[in-house]
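Q: I grabbed these lines from Swiss-Prot:
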TOPO_DOM  1-262  topological domain 'Cytoplasmic'
DOMAIN    2-67  domain 'HMA 1'
BINDING   CYS13, CYS16  Cu(+) 1 binding site
BINDING   CYS91, CYS94  Cu(+) 2 binding site
TRANSMEM  263-283  transmembrane segment
TOPO_DOM  284-303  topological domain 'Lumenal, vesicle'
TRANSMEM  304-324  transmembrane segment
TOPO_DOM  325-335  topological domain 'Cytoplasmic'
TRANSMEM  336-356  transmembrane segment
TOPO_DOM  357-370  topological domain 'Lumenal, vesicle'
TRANSMEM  371-391  transmembrane segment
TOPO_DOM  392-528  topological domain 'Cytoplasmic'
TRANSMEM  529-549  transmembrane segment
TOPO_DOM  550-577  topological domain 'Lumenal, vesicle'
TRANSMEM  578-598  transmembrane segment
TOPO_DOM  599-901  topological domain 'Cytoplasmic'
ACT_SITE  ASP627  active site, 4-aspartylphosphate intermediate
TRANSMEM  902-924  transmembrane segment
TRANSMEM  928-950  transmembrane segment
TOPO_DOM  951-1004  topological domain 'Cytoplasmic'
Amino acid sequence: MREVILAVHGMTCSACTNTINTQLRALKGVTKCDISLVTNECQVTYDNEVTADSIKEIIEDCGFDCEILRDSEITAISTKEGLLSVQGMTCGSCVSTVTKQVEGIEGVESVVVSLVTEECHVIYEPSKTTLETAREMIEDCGFDSNIIMDGNGNADMTEKTVILKVTKAFEDESPLILSSVSERFQFLLDLGVKSIEISDDMHTLTIKYCCNELGIRDLLRHLERTGYKFTVFSNLDNTTQLRLLSKEDEIRFWKKNSIKSTLLAIICMLLYMIVPMMWPTIVQDRIFPYKETSFVRGLFYRDILGVILASYIQFSVGFYFYKAAWASLKHGSGTMDTLVCVSTTCAYTFSVFSLVHNMFHPSSTGKLPRIVFDTSIMIISYISIGKYLETLAKSQTSTALSKLIQLTPSVCSIISDVERNETKEIPIELLQVNDIVEIKPGMKIPADGIITRGESEIDESLMTGESILVPKKTGFPVIAGSVNGPGHFYFRTTTVGEETKLANIIKVMKEAQLSKAPIQGYADYLASIFVPGILILAVLTFFIWCFILNISANPPVAFTANTKADNFFICLQTATSVVIVACPCALGLATPTAIMVGTGVGAQNGVLIKGGEVLEKFNSITTFVFDKTGTLTTGFMVVKKFLKDSNWVGNVDEDEVLACIKATESISDHPVSKAIIRYCDGLNCNKALNAVVLESEYVLGKGIVSKCQVNGNTYDICIGNEALILEDALKKSGFINSNVDQGNTVSYVSVNGHVFGLFEINDEVKHDSYATVQYLQRNGYETYMITGDNNSAAKRVAREVGISFENVYSDVSPTGKCDLVKKIQDKEGNNKVAVVGDGINDAPALALSDLGIAISTGTEIAIEAADIVILCGNDLNTNSLRGLANAIDISLKTFKRIKLNLFWALCYNIFMIPIAMGVLIPWGITLPPMLAGLAMAFSSVSVVLSSLMLKKWTPPDIESHGISDFKSKFSIGNFWSRLFSTRAIAGEQDIESQAGLMSNEEVL
């Protein structure tokens, strides 16, 4: 499978995107097609039955200019791995039954079932089976089962693909020599290169390589041996992306057309409107150009000038509309260009017909013929001006994305010789992992990494939304795209290119434009039938008024003062107004422009929103479920003290045990593990000891079990909660945690099967957690907390943030979190639940919830499972929950703006089309085509300007007032649902055991 990304120019509304989508999906070999009207990008997935060039031709056949930005192969994932819970197994026979039955499923490659953890790990081929099939098979065996995790299996995360442009082209070689060209690259296969592919046009080389063995600069250096020169084709070509987002070409095109058509329109208006109205004697006295020509009777100089000017505008500036209209009609669809083309052609053709008719049948009184060249020119002029303003406004909707792209520098300085401290400047595309990069004051940081030398203050507003300089020193992480302050430092790169956090943010924002809100489906449907419907209405309008004039003894005032020819003209003019006043673009732009601005504002304030569907989901959320550690609390846990069991009688070296504890905890990335490691690092006694982990097992929901060796001694180490440290062992030891401060987390340690002691660990609540939770409650949301921590710790945090104890669940496993989320969803019939977590052990619950919200810190984003990612910093000041309030406010206001845009677009068409059809003609009110064109041009502009109003968004004051004024104050449906709603009450029993080294106390 391959994926091609194309830039498509000339799309104006959803009818254009629907036309392209329909044609591409009908093409054999195309499996997926996504089009963004705002970013002008088309992303197509296809197989070997079609080529990128043929896809480009299809788009061009639809009447749009198109260029290929990137064409690359998609790495196929042959297998996936999944994790299922299996409840009810009692012995090895149960394990054997489950293993045998699941292994018998076609496509399953490996099955491992654990009786202790009650889990089943499956590796399977997604092309042949699914994890759901395995779950059903387990349940058929008589056991309860749930899917915990379903992710990639053998996808090699170290494998990278690079596309190189050949500057010394292969076509210079003869076919005989060309066959040996491929052989020149074979030596690369021994250096870490997985595959080499030469493009059909011989201009590009696609290489897959292992980035652990080979860097991009190393690859280019080896390629020099072939005798050819290469440059890296960057997927993040900033210049191309910025050019597309700024719409420079479109702005330039419509600006030129607007100037030309407006200048000529002014001349035509002088000839046909202003002079006859202001100085009628000039027309009556037949002063030039209102004088009849001497060589053709009935032909006036005014009309010669008019037909020349109108023909130029109609077939020069208007050629764009003809081309687009013909392309859409070829595929059985219509766009706004079709309506413009039909209306201007009607006015132009009528004028030419009147001119020719007057030449063959001149008036005996020398009366000037009825000519409306000014109408066709003015319509094109108004539309061109409207398009120019609309494109300008649309370019402003993507400023947030443009600013993020601009944060990536084009070059950077790396240490080329460590001993001599020599630096060299390289393009950012050539940056490799583990490079040492020099950052001077004011420079942009090119990659994610860790500071190795020096210190500074850095602007990380792309993460937090606040331009507060964050102090950084040796060992602190830095993020690509952040801007250095006054200091000078060096850092080692950890992720580069498309794997950086900035690249992920840009990717999420761009993909958000491809995700349509369900409400947009209605707009797309209306747009698909809009043009045919308007043309039918225009024809009906013409014939109905002609019929009324023929049978009516008392025609409307607009017709009584005119001849039959004039009445025919008014009927035609009325029908033309119907065609030109209709505006499908307003409907098509209502949703995507608001989504682009809303997601851009969110990104600027540390909130990543994954498209329109997420925005619509947020509008129906009634309940928020919080994780505790890392979400309501800072996640920076600290060991307050270590209590050794007074009954311990084992003959072991305590320093060696602490060294083994540190080595064991190094396996996990859990906040509790990090706290214990820091505590062990602070003890001088074990710094000289080097413990080696021989075996280890992470027991989900309970802790870690390992076998360690230090100084030739072997220890069986077990660290975790009471469920892991067998209750019998605790009872035998007589060791209880009565001396532990209530509200702290407890992690027990056993050595060689006997309880050794416990760690008492504390985690502080975030400084704005209380204000955020109260903000939600003030605005009618139900709040819950589900944690794997013990009862006392859960109560302490709930008390501090203001969550009712009846809505708090403790000692809950990841699977248990899913069960509780389902339980809360089922309350009151249709409860919509948003889960807020930090991504550690939360992925299943985030995926199961109606809306998953991940709190992201550090340099990794929990993007996959969450619908919304809230970015925050690592330090206590920027590690904030306030972003949740921002996410709610932005999402609700953006969705409200979408509905307002659609309401305005529908009201405009519903109101203006009947007026254009002549419902007010009995009262002498008509809508001339020129005014209709002006109204239509500015209707779409007004929708874009409405979306741009979202840029004025300011963060809500969570300390005082909330969002009820725009969420539901004026919603009748919400009023009645709240009036008869009841408060959700927690169940009597919590679900037990959660991942993470926690003690297992009484259930709330």
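A Cβ is built for glycine as well, from the same backbone N, Cα and C atoms used for every other residue.
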Q: Under 8 angstroms for C-beta pairs, at least 3 of them, ignoring pairs fewer than 6 apart in sequence. Is the transmembrane segment (304-324) in contact with the transmembrane segment (371-391) by that rule?
A: yes
Q: Does DSSP give CYS16 (Cu(+) 1 binding site) helix, strand or coil?
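A: SS state of CYS16 (Cu(+) 1 binding site) = helix.
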Q: Please work out whether the transmembrane segment (336-356) lies in contact with the transmembrane segment (529-549), by counting C-beta pairs under 8 angstroms that are 6 or more apart in sequence and asking whether there are at least 3.
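A: Result for the transmembrane segment (336-356) with the transmembrane segment (529-549) is yes.
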Q: When you check the transmembrane segment (371-391) against the transmembrane segment (902-924), do you get at least 3 Cβ pairs under 8 Å, counting only pairs 6 or more apart in sequence?
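A: In this chain the transmembrane segment (371-391) does not contact the transmembrane segment (902-924) - fewer than 3 Cβ pairs sit under 8 Å.
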Q: Under 8 Å between C-beta atoms and at least six residues away from its ends: which parts of the chain pack against the transmembrane segment (529-549)?
A: 15, 333-336, 338-339, 342, 555, 559, 567-568, 570-572, 574-576, 578-579, 582, 584, 587, 913, 916-918, 921
Q: In terms of Cβ proximity under 8 Å, which residues at least six beyond the ends of the transmembrane segment (578-598) contact it?
A: 12-17, 36-39, 335-336, 339-340, 342-343, 346, 379, 390, 394, 397-398, 400-401, 512-513, 516-517, 519-520, 523-524, 526-527, 530-531, 534-535, 537-538, 541, 609, 611-612, 615, 890-891, 893-894, 897-898, 901-902, 904-906, 908-909, 912-913, 915-917, 927, 929, 932-933, 935-936, 939-940, 942-944, 946-948, 950-951
Q: How many Å lie between the Cα of ASP627 (active site, 4-aspartylphosphate intermediate) and the Cα of CYS16 (Cu(+) 1 binding site)?
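A: Counting only the Cα atoms, the answer is 44 Å.
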Q: Could you count the residues of the topological domain 'Cytoplasmic' (392-528) that DSSP puts in helix, in strand and in coil?
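A: So the topological domain 'Cytoplasmic' (392-528) is made up of 49 helix, 46 strand, 42 coil.
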Q: Long-range same-chain neighbours of CYS16 (Cu(+) 1 binding site), Cβ under 8 Å, sequence gap at least 6?
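A: Counting only residues 6 or more apart in sequence, the Cβ neighbours of CYS16 (Cu(+) 1 binding site) under 8 Å are GLY10, LEU37, PHE64, SER328, THR335, GLY588.
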Q: Can you name the far-off residues of the same chain, 6+ from the ends of the topological domain 'Cytoplasmic' (325-335), with a Cβ under 8 Å from a Cβ of it?
A: 12-13, 15-16, 18-19, 22-23, 61-64, 341-342, 528, 530-532, 535, 584
Q: So which residues does the transmembrane segment (902-924) touch in its own chain, when a touch means Cβ under 8 Å and the partner is 6 or more beyond its ends?
A: 519, 522-523, 526, 534, 537, 541, 545, 556-558, 574, 577-578, 580-583, 586-587, 590-591, 932, 935, 939, 942-943, 946
Q: Cβ under 8 Å to the transmembrane segment (928-950), counting only same-chain residues 6 or more beyond its ends: which ones?
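A: Counting only partners 6 or more residues beyond its ends, the transmembrane segment (928-950) has Cβ contacts under 8 Å with 13, 343, 347, 372, 374-375, 378-379, 382-383, 385-387, 389-390, 393-394, 396-397, 573, 576-577, 580-583, 585-586, 589-590, 593-594, 596-598, 601, 893-894, 897, 900-901, 904-905, 908, 912, 916.
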Q: Which sequence positions outside the topological domain 'Lumenal, vesicle' (284-303), separated from its termini by at least 6 residues, show Cβ-Cβ distances below 8 Å to it?
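A: Answer is 271-272, 355, 358-363, 366, 368-369, 371, 373.
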Q: DSSP says what for the topological domain 'Cytoplasmic' (325-335): how many helix, strand, coil residues?
A: 6 helix, 0 strand, 5 coil
Q: In the domain 'HMA 1' (2-67), how many residues does DSSP assign to helix, to strand and to coil?
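A: Its residues divide into 22 helix, 24 strand, 20 coil.
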Q: I'd like the per-state residue tally for the topological domain 'Lumenal, vesicle' (284-303) from DSSP, helix first, then strand, then coil.
A: 4 helix, 2 strand, 14 coil
Q: Indicate whether ASP627 (active site, 4-aspartylphosphate intermediate) is helix, strand or coil by DSSP.
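A: ASP627 (active site, 4-aspartylphosphate intermediate) sits in coil per DSSP, no helix or strand.
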